[in-house]
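Feature annotations, courtesy of Swiss-Prot:
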{"type": "BINDING", "residues": "D37, T73, D240, H241", "note": "Zn(2+) 1 binding site"}
{"type": "BINDING", "residues": "N94, Y157, D192", "note": "substrate binding site"}
{"type": "BINDING", "residues": "D192, H196, H339", "note": "Zn(2+) 2 binding site"}
{"type": "TRANSMEM", "residues": "411-431", "note": "transmembrane segment"}
Amino acid sequence: MFNMKILVIPLFWGLVTGYKGNSSDSSAPRLLLVSFDGFRADYLKSYDLPHLQNFIKEGVLVEHVKNVFITKTFPNHYSIVTGLYEESHGIVANSMYDSVTKKHFSESNDKDPFWWNGAEPIWVTNQLQENRSSAAAMWPGTDVPIHNITASYFMNYSSSVSFKERLGNVTTWLSSSNPPVTFAALYWEEPDVSGHKYGPEDKENMRRVLKEVDDLIGDIVLKLKVLGLWDSLNVIITSDHGMAQCSKNRLIDLDSCIDRSNYSVIDLTPVAAILPKINVTEVYDKLKRCNPHMNVYLKEAIPNRFYYQHSSRIQPIILVAEEGWTITLNKSSFKLGDHGYDNSLPSMHPFLAAHGPAFRKGYRQSTINTVDIYPMMCHILGLKPHPNNGTLSHTKCLLVDQWCINLPEAIGIVVSALLVLTMLTGLMIFMRSRASTSRPFSRLQLQEDDDDPLID
């Protein structure tokens, strides 16, 4: 009986401790978040990436991260650090127009806090904690005062700054800042730039580019080891989106369908944001007949699974090209690789790998959502997350302090254990009662001389 209780107690203990947050201690946990833009998930299987594979071998891998729609750079990077869908955090595209304020946003005009204040990214939350600071090298939005706060250490964005300089700054801040940097973010433009230029199916060029990216991952690990940070620092390597192969033979020419005087294009391809200048229905009807390889949605009819309706920055009409197709004006330009398509497409998915004291070793998981990364990071850092669309339980099997089992399964195990305990208890009671049952003649009373032999 006692031994069975010992077996059951850990089950209850695991159920309780598996859902508590990171406990605080004298040494606050630290986290480095790294994004290699446009790193498609299946590059891991298609190319030899020894540094990344060694990183994964000692840590965890999520093979596919389902990102948010639209699968563009600015929106997904903000979803990673807020845990919100695009309609909630407000960065709904790389180019935007707000119908209320009449303001415009673009990759070269992104410094107005108005666009970013719809959410609080993790570097701001971390920055607000006592005796902590944040740092960032080129991560989208980190050079903007969001809610009047920037990270203690950041770099104004410039694509001309080398990875070596970015990494050098981040690791210096991590190793010698006061108050200590407990959260840092690092961004690099490749393999996205080359994916657009060559297309993901150009094996020769993409092999070369991905080798360069893999070497950069090796540089990260080596730098952290040299500085004595490797064993104590949690490191997440991920991306914002994947890449689809495009072709000059798969073009959707809007000029062949509707006159440009009827509308303005806010963002073009592969998800075009259309602001009608005439009757919305008239523009919609013309675009609906334009090309069978393009879905046309009124804002209120955008599929719910995209979570892409409830924002004044989403235009009245949205065009979504099929995978590999390009929306153009007068067939003016196209790229051999592109992204932004339906986020259910595997070609749009990035991956996630992580290493450090917060993560298991040698564990692989098939999928999580981009919005799940934020609550996981908050848990690691001991931060209270803001309301978000992510789910911590989706990532718990990646973490050493989480019980890797679903709550219904845990309840089932405990109930099963109790049933076994009940059965064993009943069996023991039955056996004991049977052992004490009266034997034959046990009721006969022996006299003092009854033990004398019957025969002399």
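Each Cβ is built from the backbone N, Cα and C atoms, and glycine gets one as well.
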Cα nearest D240 (Zn(2+) 1 binding site) among binding-site residues (N94, Y157, H196, H339) -> H339
Smallest Cα-Cα separation from N94 (substrate binding site) among the binding-site residues D37, H196, H339 is shown by H339
Around the Cβ of D37 (Zn(2+) 1 binding site), other Cβ atoms found within 10 Å total 23
For Y157 (substrate binding site), the closest of the binding-site residues by C-alpha position, picking from D37, H196, H241, H339, is D37
For the binding-site residues listed (T73, N94), most other Cβ atoms within 10 Å of the Cβ sits at T73
Spatial neighbours of H241 (Zn(2+) 1 binding site) among the binding-site residues D192, H196, H339, using Cα within 10 Å, are D192, H339
Sequence-ordered list of residues in the chain of H339 (Zn(2+) 2 binding site) that lie 6 or more positions away and have a Cβ within less than 8 Å of its Cβ, or none, is G38, T71, K72, D192, G195, H241, G242, M243, A244, P270, M348
If you tally other C-beta atoms within 10 angstroms for each of the binding-site residues H196, H241, the top scorer is H241
Neighbouring CB atoms within 10 angstroms of the CB of D192 (substrate binding site), all protein chains considered, total 24
Around the Cβ of Y157 (substrate binding site), other Cβ atoms found within 10 Å total 19
All chains considered, the count of other Cβ atoms within 10 Å of the Cβ of D240 (Zn(2+) 1 binding site) is 29
Taking the centre of the Cβ atoms of D192, H196, H339 as the Zn(2+) 2 site, the remaining residues of that chain with Cβ inside 8 Å are D37, G38, T73, V193, G195, H241, M243, K335, G337, D338
Per DSSP (helix/strand/coil reduction), D192 (substrate binding site) sits in helix
Cα of D37 (Zn(2+) 1 binding site) to Cα of H196 (Zn(2+) 2 binding site), in Å and rounded, measures 11
Residues lining the substrate site besides N94, Y157, D192 (CB within 8 A of their CB center) are D37, T73, F74, E107, P140, E189
